[in-house]
Every structure is written in structure tokens, then in C-alpha cells.
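Trainee: What TrEMBL records for ASP303 is active site, proton acceptor. TrEMBL lists LYS13, GLY83, ARG111, GLN157, ARG334, ARG378 with the feature phosphoenolpyruvate binding site. Taken from TrEMBL, the feature 3-phosphoshikimate binding site covers LYS13, SER14, ARG18, SER155, GLN157, ASP303, LYS330. Annotation comment: TrEMBL describes 2-413 as domain 'Enolpyruvate transferase'.
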Amino acid sequence: MKLVGQLTPPGDKSISHRLGLLSLLAQGRCEVGGFSPSADCASTLAAVAALGGGVERVGERVILSGAAGRLRPGQTIDCGNSGTTMRFLMGLLAGAGGRFVLDGDESLRGRPMERVAEPLRRMGARVECAAGGRPPVIIQGGGLRGGQFDLPVASAQLKSALLLAGLQADGPTTVNEPAASRDHTERLLAQWGAQIRRDGLSCTVWPGLLRLPAQIWTPADASAAAFFCCGAAILPGSRLVAQGVLLNENRLGWLRVLERMGGCVDVRRQGDDPEPWGDIGVEFSPELRAVEVGAAEIAAIIDEAPILALTASQCHGVSVFRQVGELRVKESDRLAAIIGQLGALGADLRAEGDDLIVRGPTPLRLPDAPLKSFGDHRIAMVLRVAGLLAGGWPRIDDEACMAISHPAFNDDLRRLAGMAS
Ligand SMILES: O=C(O)C1=C[C@@H](OP(=O)(O)O)[C@@H](O)[C@H](O)C1
Ligand SMILES: C=C(OP(=O)(O)O)C(=O)O
């Protein structure tokens with residue numbers, strides 16, 4: 001089986017979340033093109049509307065009317081499956097007057113929120129998490145103090161939560177990261193008129209309101225593209241172009257790793273607004289070599305680690321992904337899921353502490369029992385690509401979860417694989 005043709009992935013999920021959420025702290029009206037059709041971003045838009053932001057869907061476009069920081073308190077906001085929605089809202093609501101409750105589905109109720117709650121308390125907010133630092137989260141905000149924060153993990157969600165709280169504090173707020181994570185929040189803050197200074201891994205923001213641009217366009221999702229592009233690199237005879245994709249370097253860690261493996265990749269930059277974007281071409285790459293991916297690179301490949309692990313299973317030699325412990329606290333324990341489920345297809349993966357070790361190349365075979373996604377979209381998607389490599393379309397016990405990031409994933413994959421839908 002091979003992947004041949006062109007694909008335009010859905011609008012970028014990370015950028016779409018930010019457009020919606022940041023509009024709560026902005027004035028003006030903005031027409032967004034290419035907004036992500038994902039269930040996660042639908043959770044964000046529902047939350048924005050519940051909090052008093054203007055959200056109108058007109059065909060493919062979303063029209064946002066800024067709430068200028070005047071948020072409607074006293075309610076429980078359902079963040080669904082989306083960690084980004086919950087962690088950004090924690091920072092945002094910490095600066096708003098009133099009491100708010102943030103909750104989510106069973107998966108989100110298992111994810112760590114204390115890492116965000118603790119620095120917000122130091123800024124002066126009252127934030128309570130349920131047992132084990134998990135949701136639901138209760139926030140009584142207002143009266144925030146700025147300060148300096150050294151993050152214990154490289155997390156764009158944690159960084160962004162503190163920057164959004166900082167916009168509402170009484171003075172500057174500085175956030176220092178241990179390694180680079182995606183920087184869409186910083187870029188949008190600068191574009192939307194915030195006073196912000198960036199210096200390497202450090203970012204300082206001063207209090208103030210944002211101003212929405214009249215129009216903005218969302219490039220196609222770089223993480224969604226990764227599953228198809230890596231699939232093309234390992235499926236013999238493939239030749240694929242992912243079009244209009246976000247080319248922010250902090251989101252292209254997977255492409256750099258694929259290049260290091262010896263992947264046949266061709267990137268054509270087409271534009272820079274609101275972030276760099278363009279086309280990514282990938283061909284079947286017969287001579288892939290094992291690589292070592294260092295701890296400082298992990299934040300830039302965090303959502304693509306499952307598909308990179310599958311790609312590593314087709315490389316010659318032993319690949320090592322250092323310090324991928326964060327994978328254990330995503331929508332599922334992704335480290336256990338990829339080891340168990342790709343292992344069920346015949347791949348050779350294991351964990352040594354927080355490192356992931358993958359030995360290749362291993363031929364994959366279709367399993368007798370259904371594969372398990374654990375309700376996690378990135379796991380379901382990597383298992384679909386792995387299935388093609390094993391020569392078929394195996395049963396996966398929950399595929400509906402793909403809608404969390406890419407509702408048309410299976411249709412896109414079948415079309416590129418030349419299969420009837
Ligand atoms: O900021 C973002 O849009 C995201 C950051 C990452 O999470 P962490 O910041 O928790 O690593 C990533 O896994 C998530 O899918 C989206
Ligand atoms: C981890 C993810 O999202 P979130 O943290 O927003 O739930 C993801 O999309 O892979």
C-alpha cells in the first residue's frame with residue numbers, strides 16, 4: 001500500500017485554539033479563515049461563547065468578537081477532551097473577577113493541572129484542583145501580581161497560561177522555559193498589540209488589552225500533516241504533497257527528525273502570514289537510518305512522537321527518544337499505548353525509564369485481535385498508518401476519537417491509499 005497525491009490538512013488546532021481563547025482578552029472583531037474543524041477547537045469555541053465572547057460560524061469561517069476581558073462568571077465550563085482549552089482558561093480566568101469551574105471528559109479528568117495551578121496561586125489567584133491535582137478546577141480570580149517563573153517542564157500550555165495571566169497582572173510577568181516549546185501565543189500576542197519581549201527561552205509580557213485584526217487565516221495543521229508525511233516515507237511507492245501547512249520551526253521537529261533518518265523531503269515556503277506556511281513533499285525513503293532524539297527536542301515533537309516511533313520501526317538500527325515522560329500524561333498514556341499497540345503489530349519498542357527505544361527495521365503484520373486506541377486520536381491515527389504498512393485496514397476499537405483533531409483523517413487516508421471509502 002502507498003500514499004499518492006495531495007492533501008490539505010485541516011486548519012492548525014494549536015493556532016485555532018489561541019485565536020478563540022485570546023479573543024476573550026481582546027477588543028474588535030475578526031474573521032477567521034481555515035479554523036480547525038476539530039472537536040477540541042469546538043470545545044474552545046463553546047467555552048469562549050459561554051464566557052461572553054462573540055462566536056459566529058459562517059460556512060468555513062468563524063467570526064470572533066472580542067470580550068475585552070469582561071468574562072461571565074459563575075459557571076462550569078466543559079473543556080471536553082482538550083488540555084489546551086483547560087490550561088489556557090486557567091491562566092485567563094485567574095485574572096478575571098468571579099468564580100469559575102473548569103471540567104472535562106474522563107481522559108481530561110486524569111491529566112495534571114497542578115503544574116498550572118501552583119504558579120497561578122503564586123500570582124495571587126485562588127485555584128483548587130481535585131484529588132491528585134486533576135480537574136475539575138475551581139478558580140477565583142482577580143488581583144494578580146506579576147513575577148518570574150521558571151517552568152519545570154517545556155510546555156506551551158503552561159507557558160501560555162502564565163502569559164495570559166500576566167496580561168491581567170499588576171506588572172510584568174517573565175516565563176523561562178527549560179527547552180523551546182511552540183510559540184504561537186507569543187507571536188499572536190505581539191501581532192495583537194501586547195507589550196512583549198522575547199529573548200531565547202525567556203518571555204516577558206506586560207499587562208494590557210489585545211486588539212483583534214479584521215481578518216486572519218489559519219495554515220494547515222503541521223501535526224496532522226506529520227501522520228501522512230511520515231506514512232509516505234515508509235510506505236513503498238508513496239509520493240505525497242501536504243499543502244498550505246504551518247512551517248513554524250517549533251512544530252517541524254518531526255520533519256527534522258525524518259530528514260535526519262534520511263527521509264526524502266522537499267519543503268516549499270509559500271508565505272509568512274500569520275506564520276510561515278507552505279507545501280511539504282515526501283517520497284518513499286528506502287534507506288532510513290536510526291536516530292537519537294535528544295531531550296531538548298521532545299517539546300517540538302510531542303504530538304508526533306507516536307508516528308515518529310512507527311517511522312523508527314522501519315529505520316535500520318536502534319533509535320532512541322530521550323526523556324519522553326510527558327507522553328504518559330496526554331489523552332492516554334501514549335508511551336504505553338505505542339509500545340503495546342505497535343508491538344501487537346510486530347514492532348520492537350520498549351521504555352527504559354523515560355526513554356523510548358525502537359529497534360528496526362521490523363516487518364509489520366495484521367493482528368488477530370482488534371487494536372486499541374484508548375480513545376486517543378493520535379494513537380488511532382498512528383495505528384491506521386501502521387495498518388497500511390501491515391497491508392490492510394485492521395479493526396481499531398475506537399476510531400471516532402480521530403475527530404478530536406482531524407475528523408476526515410480516515411477519508412483522507414483512504415483516498416491517498418487509493419481505497420474505496
Ligand atoms: O500549546 C498547544 O497548543 C499544545 C501544546 C502541547 O502540550 P503541552 O504544552 O502540555 O506539552 C501539545 O501536546 C498539545 O497538543 C497542544
Ligand atoms: C495533547 C493534545 O492535545 P491537548 O493537550 O490539547 O488535549 C494533542 O492534540 O495531541
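Don't overthink the numbers, they just go from 1 along the chain as shown.
Placed from the backbone N, Cα and C atoms, the Cβ positions cover glycine too.
Bear in mind that the values here come from a model prediction, so they are computed numbers and not experimental data.
Give me the lay of the land around each of these features.
Mentor: Around ASP303 (active site, proton acceptor), the same-chain residues at least 6 positions away in sequence with a Cβ under 8 Å from its Cβ are SER223, ALA226, ARG378.
The number of other CB atoms found within 10 A of the CB of ARG334 (phosphoenolpyruvate binding site), across every protein chain shown, is 25. Under the DSSP three-state reduction, ARG334 (phosphoenolpyruvate binding site) is assigned to helix.
The C-beta environment of GLN157 (phosphoenolpyruvate binding site), restricted to residues of the same chain at least 6 apart in sequence and closer than 8 Å, consists of GLY83, THR84, ARG87, PHE88, VAL116.
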Trainee: Report the recorded positions (LYS13, SER14, ASP303, ARG378) that meet this criterion: Cβ distance to the nearest atom of ligand 1 under 6 Å. Use sequence order and write none if nothing qualifies.
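Mentor: If the test is a Cβ under 6 Å from any atom of ligand 1, the answer is SER14, ASP303.
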Trainee: Counting only other Cβ atoms and using a 10 Å cut-off, which of the binding-site residues LYS13, ARG111, LYS330, ARG378 scores lowest?
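Mentor: Fewest other Cβ atoms within 10 Å, among the binding-site residues LYS13, ARG111, LYS330, ARG378, is found for ARG111.
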Trainee: Far apart in sequence but close in space: which same-chain residues, 6 or more away, have a Cβ under 8 Å from SER14 (3-phosphoshikimate binding site)?
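Mentor: Those within reach of SER14 (3-phosphoshikimate binding site), by Cβ under 8 Å and sequence separation of 6 or more, are THR84, ALA156, ARG182, HIS184, ASP221, SER223, ARG251.
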Trainee: 3-phosphoshikimate site residues LYS13, SER14, ARG18, SER155, GLN157, ASP303, LYS330: biggest Cα-Cα distance, Å?
Mentor: 19
Trainee: Just the number: how many Å between the Cα atoms of ARG334 (phosphoenolpyruvate binding site) and SER155 (3-phosphoshikimate binding site)?
Mentor: 16
Trainee: Pop the Cα-Cα gap between ARG111 (phosphoenolpyruvate binding site) and ARG18 (3-phosphoshikimate binding site) into the table, whole Å please.
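Mentor: The Cα atom of ARG18 (3-phosphoshikimate binding site) is 20 Å away from the Cα atom of ARG111 (phosphoenolpyruvate binding site).
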